[in-house]
Amino acid sequence: MEASAGLVAGSHNRNELVLIRGHEEPKPLRALSGQVCEICGDEVGRTVDGDLFVACNECGFPVCRPCYEYERREGTQNCPQCKTRYKRLKGSPRVPGDEDEEDIDDLEHEFNIDDEKQKQLQQDQDGMQNSHITEAMLHGKMSYGRGPDDGDGNSTPLPPIITGARSVPVSGEFPISNSHGHGEFSSSLHKRIHPYPVSEPGSAKWDEKKEVSWKERMDDWKSKQGIVAGGAPDPDDYDADVPLNDEARQPLSRKVSIASSKVNPYRMVIILRLVVLGFFLRYRILHPVPDAIPLWLTSIICEIWFAVSWILDQFPKWYPIDRETYLDRLSLRYEREGEPSLLSAVDLFVSTVDPLKEPPLVTANTVLSILAVDYPVDKVSCYVSDDGASMLTFESLSETAEFARKWVPFCKKFSIEPRAPEFYFSQKVDYLKDKVHPNFVQERRAMKREYEEFKVRINALVAKAQKVPAEGWIMKDGTPWPGNNTRDHPGMIQVFLGHSGGHDTEGNELPRLVYVSREKRPGFQHHKKAGAMNALIRVSAVLTNAPFMLNLDCDHYINNSKAIREAMCFLMDPQVGRKVCYVQFPQRFDGIDVHDRYANRNTVFFDINMKGLDGIQGPVYVGTGCVFRRQALYGYNPPKGPKRPKMVTCDCCPCFGRKKRKHGKDGLPEAVAADGGMDSDKEMLMSQMNFEKRFGQSAAFVTSTLMEEGGVPPSSSPAALLKEAIHVISCGYEDKTDWGLELGWIYGSITEDILTGFKMHCRGWRSVYCMPKRAAFKGSAPINLSDRLNQVLRWALGSVEIFFSRHSPLLYGYKNGNLKWLERFSYINTTIYPFTSLPLLAYCTLPAVCLLTGKFIMPPISTFASLFFIALFISIFATGILEMRWSGVSIEEWWRNEQFWVIGGVSAHLFAVVQGLLKVLAGIDTNFTVTSKATGDEDDEFAELYAFKWTTLLIPPTTLLILNIIGVVAGVSDAINNGSEAWGPLFGKLFFAFWVIVHLYPFLKGLMGRQNRTPTIVVIWSVLLASIFSLLWVRIDPFTIKARGPDVRQCGINC
């Protein structure tokens, strides 16, 4: 199927496959009405085959051969009418920039060699020129395209596919990957080349020339190595490329440890804080409060929990590291001049569900930044998963593909950053800086106008989608949209761009752009985002099968066009790359207010915690901005290092005499576990049935899983691949397989990212944290208080689900011992942190209770005991200061993180624990909603920040605020009434209460909104809570003056 052939929809279970023609039929070439050249006025002429000479196959603009060749040699090399780059035609010489066209069998004209010289070269047995040309042609053509042996999509029509409804002929070629690697399977996809021999093979002349060529190469190698007979190599014969080769052999990345002057004091303070914490808890346990045992016991339980939580969070940050990448070495190693790029291919996944909550313009910018990435276009394929089967998403993607033909060449011509047009044109910087091209300003202005028109078209589609027709959506050709019922529709695939038709305005190829919507039927579990990502894994394996995959949320665009190259510096490094399962990039965000009121940037986690994990076994997977190794997602174990010598032991102890297992934990043979692939000898040990039970019943997909270096399986026709692609996204494909259990994104939690990374680390893989100077990806964050709390609620609920699942880090993964202990601490902390909301809520209530009752959580302390409290506070602040020192996090970002830890802990985390317990104990499932992505407001950039949206998550923090404020008023009033003696004990209680209020201050500002006016709903809640505590106040009666007089028992007065 060609890129413009149309939408393919089908269901494997129902044996249906239909081809729906797109919105517009392919435009025919312009009719050649005349035979006069529009440039010089001469006749156009004919080709050597007698056909009319056509210079441009796109528009058919009449140009004669001399003008055509002159324009290619001296001019712009573009058609004067449609501006498409002229391709080399048979009989014309090659010019710089031409691609390798395999269907042109025209060597003498291609290299501008006349017949006499060709004959002379054939008769000259010492002339090696033609031999080198033949060799160059052989290597060049073996690196590109598909030959006629594999089928030519433009000439060989495919047989019609019979469906349950109708028979539709499917013709054309599906744009399959040419070579996604350099493994043994890749070569079988290339065109079979018949070189042009200078003489008949097998003759003496051929053998003699081959021997001469071999001798010359051997002598050249010896001279470079300095072993030529007669002494050392001549300095004049020194090869200038040797230093470049030495540089290319260097590591592509290196680990940079934090300076010891920064990290050693930090570790010392951690140890001191641990010691002080032990003495502090010992003192608190041994000194109860007799008249306030419930308050004392509650505070002790909370403080012990906080201590355990701090240990789990702190010690995974013991080995923080930085990393450096060397992009120039990557290019020297895999991108040599004059040779095809050897960089591995990458499949990029973009997931979206609801276009009304995830605006199509946001998704379009993400897709445009992918298509314009700085990476070989034949190595990039973009798959967009539309899990809502929305026609709006489909149409907007079609518009995006058309706009990409203009946007991509503009980005690459002027090397602009970022390559998402919305954010490029909105950035407030000097766009003329470092731009010396004379036409830049003019073309930038024109491109901005083109983008504004593109936005108008997208917004028109969005406006049209607001009113759904009663009969459902109808495509422009009159066909009903297959996804009108979002819960019951066939699988759909549409290729918008690709090698068979995806060219930009300058005639250069564009990366593939594929629309995918998996099949959904009632009664089948779809597993939300994790299921959609697994469907993308399978369909990409069938169509392109790149060895690496990058997944992005629809609102995360590529901010650094070299981001993929940064990841390849780790994944393709010969020394350490084979054990790396994924490269995680930090999340950076646009559109956040300057003070980051609700800690949206999450800098403490991304710049401190993740750096610490990188020094252990690698960072956790955070759901987006991550480049995966495909083999790791298939459940394979990492390659093993050199085996140690076997230890000679007796069989007296069962642990020493165990029989070696034939299969690993995941049921993989040792050949797979050790090498990531299958040995030819051991391949027969695992039957096809076992593979299908693991990966599913698709022969094409199962074959692709055995290809570690990627590439499309050999002998695959476009029709078969198309049918398999529909098959692997069918709703019942995963039944009775390991998908979601051991393969791909793991099911069982709405935070599938944590589970997926955890499974990989348990198998022994390690991950890498990459922080380039320019942020690799940027996204949008919910700056509204209610949206932010709902987002945190979803994360916390996912952690609770993992804690109660069979993959809980407390119990899972001990058998193989591949997960390091500090890494396990981090995963345990990731799953239990929502439970901290219970002690945190109790601890934040204690100050108000103490102020209202006149009691406290600890007895009066001595001077010596006060040293424990002073030392504890100093160690807490010292740890934070030293963390900020080695990480570069500002004090404002650190403080915002502390504040939102309390805000989220007493609201979203608390609700997550309750919902998680209801789901586990009562089976009540809670559906999460997709966080809305804002498109921006031209009138006020932060209008969403001040918008008030009521949610039940606001009730607990509001109650805490009012309770502590009432407590402060009551405590001060009591001290005023009872004299100066009450101020001493009151100071500790007030400090405790103000600690809670200060941490909840951003929440209070969020309630006040822009006008500093409390909303009505909050006023009602405040009055209600105030009434309740007023009744409590009357019961306590703190304002009654307590009489201080003689004891009646002593004076004998009968009162």
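The chain as shown is numbered from 1 upward.
Just so it is clear, glycine is given a Cβ too, placed from its N, Cα and C backbone atoms.
Here Swiss-Prot flags Cys56, Cys59, Cys79, Cys82 as Zn(2+) 2 binding site, drawing on similarity to another entry. Cys59 (Zn(2+) 2 binding site): 16 other CB atoms within 10 A of its CB, across all protein chains.
Annotated transmembrane segment per Swiss-Prot: 269-289 (among others), in sequence order.
As annotated by Swiss-Prot, transmembrane segment applies to 292-312 (among others). Residues of the same chain lying 6 or more positions beyond the ends of the transmembrane segment (292-312) and with a Cβ under 8 Å from any Cβ of it are 274, 277, 281, 284-285, 825-826, 828-829, 832-833, 836, 839-840, 842-843, 846, 849-850, 853, 855-858.
Taking a C-beta cut-off of under 8 angstroms and a sequence separation of 6 or more, Asp387 (active site) has the following same-chain neighbours: Ser351, Thr352, Val353, Ser517, Arg518, His526, Lys528, Lys529, Ala532. Per Swiss-Prot, the feature active site maps to Asp387 (among others).
In this model, the coiled coil (439-468) carries an average pLDDT of 89. Per Swiss-Prot, coiled coil is recorded for 439-468.
Under the heading active site, Swiss-Prot lists Asp753 (among others). A 10 Å cutoff on Cβ-Cβ distances gives Asp753 (active site) a total of 24 other Cβ atoms nearby, all chains included.
Summarising the annotation, Swiss-Prot assigns transmembrane segment to 832-852 (among others) and lists sequence analysis as the type of evidence.
What Swiss-Prot records for 861-881 (among others) is transmembrane segment, and it gives sequence analysis as the kind of evidence.
For 900-920 (among others), the entry in Swiss-Prot reads transmembrane segment. Counting only same-chain residues 6+ beyond the ends of the transmembrane segment (900-920), those with a CB under 8 A from a CB of the stretch are 598-599, 789-790, 792-793, 796-797, 799-801, 803-804, 833-838, 840-841, 844, 926, 952-954, 956-957, 960, 996, 999-1000, 1002-1003.
The N-linked glycosylation site annotation in Swiss-Prot covers Asn927.
What Swiss-Prot lists as transmembrane segment is 952-972 (among others).
Within the chain carrying the transmembrane segment (984-1004), a Cβ under 8 angstroms from the stretch's Cβ atoms is held by residues 597-598, 785, 844, 846-848, 850-851, 856, 860, 896, 898-900, 902-903, 957, 960-961, 964-965, 967-968, 971-972, 974-975, all 6 or more beyond its ends. Residues annotated as transmembrane segment in Swiss-Prot, with sequence analysis given as evidence: 984-1004 (among others).
Annotation source Swiss-Prot lists transmembrane segment at 1014-1034 (among others), citing sequence analysis.
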Within 10 angstroms of the C-beta of Cys56 (Zn(2+) 2 binding site), what count of other C-beta atoms is obtained when all protein chains are considered?
23
Should anything in the same chain at least six residues away from the transmembrane segment (832-852) have a Cβ under 8 Å from its Cβ atoms, list it; otherwise answer none.
295, 298-299, 301-303, 305-306, 309, 312, 796-797, 799-800, 803, 902, 905-906, 909-910, 912-913, 916, 956, 960, 963-964, 966-968, 970-971, 974, 986, 989-990, 992-993, 995-996, 1029, 1032-1033, 1036, 1038
Taking the centroid of the Cβ atoms of Cys56, Cys59, Cys79, Cys82 (Zn(2+) 2 site), which other same-chain residues have Cβ within 8 Å of it?
Ala55, Asn57, Glu58, Gly60, Phe61, Pro80, Gln81, Lys83, Thr84
Hey, which of the binding-site residues Cys79, Cys82 is the loneliest by Cβ count within 10 Å?
Cys82
Integer Cα-Cα distance in angstrom, Cys79 (Zn(2+) 2 binding site) to Asp753 (active site):
49
At the Cα level, what's the spacing in Å between Asp753 (active site) and Cys56 (Zn(2+) 2 binding site), rounded?
49
Give the helix, strand or coil assignment DSSP yields for Asp387 (active site).
coil
Assigned conformation of Asp753 (active site) - DSSP reduced to three states:
helix
